[in-house]
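Noted in TrEMBL for the protein shown:
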type	residues	note
BINDING	His138, Thr139, Lys276, Asn285, Arg294	substrate binding site
BINDING	His168, His213, His268	divalent metal cation binding site
Amino acid sequence: MPQTSLPTIAITSGEPAGIGPDIIISASKSEFAARLVVLADPTILEQRAQELGTQVNINILSSVDDCPEHESGVINVFSVKASSRVNAGILDVTNAPYVLSTLSKAAEGCLDGQFDAIVTPPVHKGILCETGRHFSGHTEFFQNLCDSPQVIMMLASDAMKVALVTTHLPLKDVADAITPESISLVARGLNKDLIHRYGLKQPKILVCGLNPHAGEEGHLGKEEIDVISPTLDALRKEGLNLIGPLPADTLFTEKYLKDADCVLAMYHDQGLPVLKYSGFGNAVNITLGLPIIRTSVDHGTALDLAGTGQANDGSLKVAITHAIEMANNAKKA
Ligand SMILES: NC(=O)C1=CN([C@@H]2O[C@H](COP(=O)(O)OP(=O)(O)OC[C@H]3O[C@@H](n4cnc5c(N)ncnc54)[C@H](O)[C@@H]3O)[C@@H](O)[C@H]2O)C=CC1
Ligand SMILES: NCC(=O)COP(=O)(O)O
């Protein structure tokens, strides 16, 4: 490894037909106190830079260990070859193995100490599923690859942090997945990482109910009475500072949020629309519970914007900065 205390951050390519290449190119023009290794096909980056009418200096690394400190306008690339030429905005299933291979290489490099963290631009879950393997998200992909019993999806904007009990599953399956076990594992893991990774002494976590009005005393659903409340009571006895279950429609108001550290939502579209409304373009997605540090953007592949110059790189820059901070904290710990 080079003689530097700067963290080494792997940045994966994301879906090559989406805005991943665009935001990598534009974010590379900012300053970061780290060594940034982009795992991508350099041809894709060169082609997209041309389409965007912008100059980038692509430095192909022969080894990750040779990566210099980030310099504005330079992209240090560890080359991973795509199968087919990429057309901005047009998905091509033949490039799905390329996308998956950048994710595996980044995670394996992180597990064996080459990288201190991974930052992932967006992938297109649908096209990855068309290869015949189910891909529901990076969160679950890294969970499997790292053999982690429980991972937690948490997004953070300047206004709030929101974590999820369930991640990418059909709405019809959510109620069955809200169990004492799932709530307990996520709440404990979240509490632990808010303490260890974010330096909070006793995190105050607001917990959403599942049903409208948190079940209205059982008249609009029984999960709060049968599952959520008893589980939260048991977790409080372990010392967790949990408030709830609160009706999700009024929990996301200043009165509750102002002195809370995090919201625990029961499912993806209960928590994330509010978070994204509060800070789309400047929020970061963090996977807690992994043995590695992984952050990501708050947006998807935006195929409509690829190659147009209209993609906002704000969330990628926040994701990189957040990964650098987490990696520096982990080095100090
Ligand atoms: N971290 C990841 O890998 C994520 C991947 N996705 C995937 O992205 C794909 C498309 O998802 P959608 O729901 O359409 O969401 P999307 O975020 O790609 O697009 C939603 C809207 O926001 C705009 N938008 C998105 N990112 C933007 C940016 N950086 N700058 C300016 N405008 C931006 C798009 O043009 C579109 O109008 C799906 O396959 C989904 O699974 C979605 C979220 C996160
Ligand atoms: N809405 C966030 C999202 O879907 C990102 O998922 P992942 O790919 O980070 O698991």
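Even glycines carry a Cβ here, placed using N, Cα and C.
Checking the binding-site residues His138, His213, Lys276 for a CB within less than 6 Å of any atom of ligand 2 leaves His138, listed in sequence order. Considering only the binding-site residues Thr139, Lys276, Asn285, Arg294, the residues lying within 10 A of His168 (divalent metal cation binding site) on a C-alpha to C-alpha basis are Thr139. For the binding-site residues His138, His168, His213, His268, Lys276, the ranking by surrounding Cβ atoms (within 10 Å, all protein chains) places His138 first. In the structure as shown, the Cβ atom of Asn285 (substrate binding site) sits within 10 Å of 25 other Cβ atoms. Of all Cβ atoms in the shown protein chains, 23 besides its own fall within 10 Å of the Cβ of Thr139 (substrate binding site).
Between the two most distant C-alpha atoms of the annotated substrate binders (His138, Thr139, Lys276, Asn285, Arg294) there are 19 Å. For the pair His213 (divalent metal cation binding site) and His138 (substrate binding site), the Cα-Cα distance reads 32 Å. Spacing of Thr139 (substrate binding site) relative to His268 (divalent metal cation binding site) is 13 Å (Cα to Cα, whole number). Residues near Arg294 (substrate binding site) in space but far in sequence (CB under 8 A, at least 6 apart, same chain), listed by position: Ala107, Cys110, Ala117, Ile118, Val119, Thr120, His138, Phe142, Ile286, Thr287, Ala323. Secondary structure from DSSP puts His168 (divalent metal cation binding site) in coil.
Distance noted between the C-alpha atoms of His268 (divalent metal cation binding site) and Asn285 (substrate binding site) is 12 Å. DSSP assigns His138 (substrate binding site) to a helix in the three-state reduction.
Look at His213 (divalent metal cation binding site): DSSP puts it in a helix. In this structure, His268 (divalent metal cation binding site) is part of a helix by DSSP.
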